[in-house]
Every structure is written in structure tokens, then in C-alpha cells.
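J.: Quick one: structure below, then a few questions.
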Amino acid sequence: MARYIFITGGVVSSLGKGLASAALGALLQARGYKVRLRKLDPYLNLDPGTMSPYQHGEVFVTDDGAETDLDLGHYERFTGRPATKADNITTGRIYQDIITKERRGDYLGATIQVVPHVTNAIKEFVLDGNDDYDFVLVEIGGTVGDIEGLPFFEAIRQLKNDLPRDHAVYIHLTLLPYIPSAGELKTKPTQHSVKELRSIGIQPDILLCRTDREIPKEERRKLGLFCNVRESAVIEARDVDNIYAVPEAYHNAGLDDEVLAAFGIASRIPPELRSWQQINERVRNPEGNVTIAIVGKYTGMKDAYKSLIEALSHGGIANKVKVNLDWIESEIFEKEDPAPFLEHVNGILVPGGFGQRGAEGKIRAAQFARERDVPYFGICFGMQMAVIEAARNLVGIEDANSTEFGPTKEPLVGLMTEWLRGNELEKRSQAGDLGGTMRLGAYPAALNRGSRVSQVYGGATEISERHRHRYEVNTAYKDRLEQHGLKFSGLSPDGVLPEIVEYEDHPWFIGVQFHPELKSRPFEPHPLFASFIQAAMVQSRLV
């Protein structure tokens with residue numbers, strides 16, 4: 001039977017519960033255990049699909065088409081286990097399911113209440129489908145004290161009593177701020193956070209304390225005394241130089257040993273961490289540097305591109321170089337010449353996005369890369385803008401544009417109205433809802449034999465990648481674009497939807513309709529990112 005680890009947060013948000021959960025999952029995995037990670041999000045949205053990137057950050061898409069929290073990306077990258085739609089749920093989804101059942105009459109006239117109906121739904125979600133796992137790590141979003149989170153805290157409180165003895169452990173992630181004027185770490189915020197947690201019936205078994213310095217023994221003793229935990233269970237979560245150093249740092253601090261002790265499990269074998277040590281060796285001792293310009297719309301909120309940042313880092317790890325990122329707001333290029341901003345970079349990446357704001361700037365970035373032979377990687381929207389640039393400046397279609405921005409005489413990019421998902425036909429219309437209506441999840445693509453992208457994938461002629469888009473390049477313009485050098489080197493297996501474009505006579509210019517960053521791992525860098533960084537290394541010698 002699976003054992004459950006519940007990770008909560010206190011004092012402030014954005015402490016890194018997702019990373020802590022992922023790192024602990026990796027440590028347990030390194031000891032030979034089979035782990036599953038799940039996220040409970042207290043907000044009322046059904047999913048983060050329609051939320052602003054400025055508020056929520058990246059939307060992480062799974063193979064089965066779920067739009068989920070970015071923490072699931074950490075889970076995948078650290079454990080290698082693909083997440084599914086069953087690994088993330090929101091208050092909105094729970095309420096929707098309950099109300100649907102109530103309208104159907106499933107509750108036989110009962111008064112629907114938070115306790116027991118909402119809490120039971122949360123417990124059912126947490127417990128479902130875990131028979132094949134040794135440990136299930138469940139992260140509760142937000143911080144203790146948030147009104148939205150109360151049903152989730154009540155549910156995990158009940159679960160400890162529902163499960164057999166020694167089958168549930170609570171870890172509370174908190175902050176120990178350092179006050180320079182006093183010259184000491186302050187424990188009072190953590191004490192109050194634990195007091196709040198205990199007031200709703202949850203006694204943490206382990207305190208994971210974020211800090212930028214060593215925790216003095218006296219402060220550990222104080223935290224153990226006033227928070228009612230063993231002194232050995234006060235774990236120091238020191239800041240590290242890169243996120244892939246977190247598993248080893250937490251192991252050295254004793255987190256995984258303390259978790260096993262809390263379950264009454266004798267430590268069998270130490271975790272095998274050599275692969276993590278090798279990753280960190282490459283991160284800390286690069287053999288060179290490259291600079292990549294990210295020309296995007298949400299550059300003020302780096303979390304909007306979380307998986308992208310990590311995938312570029314993985315490309316650097318694969319090539320033993322440090323990848324420096326130059327963030328550029330694409331709107332700038334609508335007013336200014338891109339050259340002064342881009343002449344020094346070794347590669348240009350235009351990521352996914354939505355809407356007209358900044359689109360012309362992205363088109364100009366693609367033009368600069370094409371004309372100056374700078375490696376270019378266009379992802380989703382970035383591919384579409386590269387195609388529009390080619391249509392305007394190579395083919396001579398001056399009015400080439402996307403119907404996403406309004407009516408146009410030359411719709412190079414248009415709304416997908418239907419596509420195949422397996423053997424089923426999916427249909428959409430302009431008047432449809434925004435939420436959950438995109439082409440989402442893993443879809444296959446057929447690659448042209450001998451094309452550059454096929455070579456990047458090791459000679460493969462069919463791949464599967466994750467998508468998140470509702471607009472698509474119009475194949476009616478395919479022949480004219482190919483006559484001017486822009487090759488459609490990847491299509492959906494039925495030949496209807498363009499997936500990949502490339503220039504054969506360019507050092508490295510590839511646009512993809514999918515999101516390869518979602519499948520990149522530190523131990524398995526995505527081939528497109530590894531190849532892109534390799535091309536940037538070559539370009540760096542020419543600057």
C-alpha cells in the first residue's frame with residue numbers, strides 16, 4: 001500500500017514547494033522506490049489554461065492534454081515520470097464535478113456541504129490510482145491560512161486518520177528570514193505558521209526551512225521545542241546555485257532519511273546520486289558560453305517560460321556550455337531596429353504566445369535571423385511569425401497575416417476548425433469557449449526523410465510532441481513558400497497540419513508548432529534544444 005507525504009507551505013508564497021516535492025521524489029526514487037507526485041490547487045478556475053501568464057506563470061501541458069500547474073514540469077524533470085491529468089486538480093474542477101452530480105441526482109436530495117462532500121472528493125482524488133506506487137507526494141498550493149485552501153487542509157487532516165498508522169507524513173515548508181540589523185535568523189514567522197497549521201488539526205512531522213545560511217543549533221532547538229517536532233526533523237533547506245543541486249543538498253541535510261524515519265522505515269541503501277552530481281559538475285564548470293535572445297511577450301514574468309528556460313539549460317548541459325539568456329520584449333522591435341539588440345547574440349528564440357501585441361516585433365526578429373544567418377528557433381507562435389515573415393519578404397505577399405489578429409486578405413495562419421485525435425474528429429469554431437478548446441497534448445508528426453529536423457531526431461521519420469494551440473499555418477501557401485526556400489519538413493500524419501518548417505540553406509532555422517520544451521529533461525535534453533545550442537556554439541565562433 002502506498003504511503004503519503006503531504007507538503008504544505010507557510011509564511012510566504014513562492015518558497016518552492018514544487019521544487020522541494022520534486023527533489024524529495026527524486027531522492028526516494030534514487031533509493032529504489034516508485035513515486036508519484038500530485039498537486040492540489042485551491043483556486044476556482046477549472047484549470048490554468050485561461051489564466052494570465054503574469055498571474056500564474058507557465059501552463060504545463062501533459063501528454064493526455066491536461067493544462068496544469070508549472071510544478072508538474074518540475075515533477076517530470078526531476079523524476080522522469082510523465083505527469084497526467086490525474087496528477088493535478090483545482091477547487092473549480094472539484095466543485096464542477098460535485099454540482100454535476102447534484103444536478104444528476106446522485107446525492108439523493110442531501111444538502112451539499114464542504115464537509116463531507118468537498119473534502120470527500122479531494123480525498124478520493126488523492127487516493128485514486130496509487131496501487132503501484134511506494135510513495136505518493138501531494139503538494140497543496142498556496143500557504144496555510146489562505147481561505148481557499150481550508151477544504152484541502154481539512155481533507156489531508158482526515159486522510160491521516162483514514163490511512164493505516166505510519167502511512168501519512170506532513171512536511172511544512174517555511175521561511176527563516178535573516179535580519180541584518182539583528183544579525184540573526186528569525187524563527188517567529190515559522191512558529192506562527194505552525195501554530196496556524198496545528199489550529200486546523202495538522203501537526204507537521206518535518207519542518208523544511210528555507211534559508212540563505214546555516215541554521216544555528218540553538219535556533220534548531222527552539223524550532224523543535226515550539227513547533228513540537230524532533231530537532232532532527234528541522235531540516236535546513238539552504239539556497240543553492242542551481243535547481244539541480246537541490247536533491248543532493250536536501251539529502252546532505254537529512255531530508256530523505258528523516259522522511260523514512262517518520263514512516264518507521266529503516267534506511268535500506270543510500271540514494272544513488274552520481275547522475276545528479278554529474279549534471280551539477282557540467283552546470284558549474286562549463287567549457288564555454290553562448291547567448292540566446294528570447295524575444296517574447298511575457299518577458300517581465302520569467303515563470304511564464306519556466307520549461308523553456310530549463311530546456312535551454314539542458315541544451316547547455318548536453319553541449320557543456322553555459323547558456324546566457326537575453327530577454328527582449330518583442331514590442332521594442334515594432335519601434336526600433338532589432339540589429340543593436342541582436343547583433344551580439346548567438347541564437348534567437350521566439351517562444352509561444354497569444355494575441356497581436358508584439359507580433360510584428362517577433363516577425364522582425366525572424367527576419368533578422370534569416371538575413372543574418374543567426375540560428376533561429378521558433379516555437380508555436382514563433383513558427384507562425386517566421387512563416388508570415390517568409391510570405392511577406394520572400395514570396396511577396398504583403399498582406400500576409402494571421403486571422404488571430406483580425407480579418408485578412410491573405411490568411412497565412414488561421415483557426416483550426418477540425419483535426420484528428422486518434423480516430424476521433426475534434427471540431428472548434430470562432431464562437432467557441434476559450435478554456436480547454438485548443439489542440440492539446442501529444443500528437444504525432446511525420447518528418448521528411450533527410451531533412452535537417454529528421455537528422456536532429458536521429459534519423460526518425462515520425463515523432464510525438466505536445467501541443468497547445470488553436471491556430472495553424474495554412475497549407476494552401478505551402479508550395480509558394482517552399483519555392484522560396486522555406487521547407488515544410490514535418491506534417492501531421494494525414495498531411496493536413498504543418499508541424500515543422502526549416503530553411504535548408506540557413507545554418508540553423510527551425511520552426512515547430514509544438515512545444516518541445518515540455519519534454520526536455522536534465523538527463524535527456526530534448527534533441528531540438530541540444531542541436532540549437534550546438535548551432536549557437538558554432539555561431540559564437542563567428543561573431
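Glycine is treated like the rest: Cβ placed from N, Cα and C.
Pulled these features from Swiss-Prot for this protein:
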| type | residues | note |
| --- | --- | --- |
| ACT_SITE | CYS380 | active site, nucleophile |
| ACT_SITE | HIS515 | active site |
| ACT_SITE | GLU517 | active site |
| BINDING | SER13, LYS186, THR187, LYS188, PRO189, THR190, GLN191, LYS222 | UTP binding site |
| BINDING | SER13, ASP146, ILE147, GLU148, LYS186, THR187, LYS188, PRO189, THR190, GLN191, LYS222 | CTP binding site |
| BINDING | SER14, LEU15, GLY16, LYS17, GLY18, LEU19, ASP71, ARG238, ASP239, VAL240 | ATP binding site |
| BINDING | TYR54, GLY353, PHE381, GLY382, MET383, GLN384, GLU404, ARG470 | L-glutamine binding site |
| BINDING | ASP71, GLU139 | Mg(2+) binding site |
| REGION | 1-265 | region 'Amidoligase domain' |
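Burial and contacts for the listed features, if you can.
T.: If you draw a 10 Å sphere around the CB of CYS380 (active site, nucleophile), it holds 22 other CB atoms from the protein chains shown.
Of all Cβ atoms in the shown protein chains, 24 besides its own fall within 10 Å of the Cβ of HIS515 (active site). Under the DSSP three-state reduction, HIS515 (active site) is assigned to coil, being neither helix nor strand.
Listed in sequence order, SER307, LEU308, GLU310, ALA311, ILE379, HIS526, PHE529 are the same-chain residues six or more apart from GLU517 (active site) with CB atoms under 8 A from its CB.
With a cut-off of 8 Å between CB atoms and residues at least 6 apart in sequence, the same chain places LEU176, GLU219, LYS222, LEU223, PHE226 near THR187 (UTP binding site), listed in sequence order.
In the three-state DSSP scheme, LYS188 (UTP binding site) is classed as helix. Its Cβ taken as reference, LYS188 (UTP binding site) is surrounded by 12 other Cβ atoms within 10 Å in the chains shown.
All protein chains considered, the CB of GLY16 (ATP binding site) has 19 other CB atoms within 10 Å.
A simple way to gauge crowding: the CB of GLY382 (L-glutamine binding site) has 26 other CB atoms within 10 angstroms, across all the protein chains here.
With a cut-off of 8 Å between CB atoms and residues at least 6 apart in sequence, the same chain places LYS17, GLY18, SER21, ALA22, LYS39, PHE60, GLU139 near ASP71 (ATP binding site), listed in sequence order.
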J.: HIS515 (active site): which of the binding-site residues SER13, ILE147, LYS188, THR190 is the nearest Cα neighbour?
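T.: Closest by Cα: SER13.
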J.: Please give the average pLDDT for the region 'Amidoligase domain' (1-265) in this predicted model.
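T.: The predicted confidence over the region 'Amidoligase domain' (1-265), as a mean pLDDT, is 95.
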J.: Within 10 Å of each Cβ, count the other Cβ atoms and name the one among the binding-site residues TYR54, PHE381 with the highest count.
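T.: Answer returned by the neighbour count: PHE381.
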J.: Whose Cβ, among the binding-site residues SER13, GLN384, has more other Cβ atoms within 10 Å than any of the rest?
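T.: Answer by Cβ density within 10 Å: GLN384.
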J.: Going by DSSP, is GLU139 (Mg(2+) binding site) sitting in a helix, a strand, or coil?
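T.: In three-state terms, GLU139 (Mg(2+) binding site) counts as strand.
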J.: Please report how many Å separate the Cα atom of PHE381 (L-glutamine binding site) from that of ILE147 (CTP binding site), as a whole number.
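T.: That separation, Cα to Cα, works out to 37 Å.
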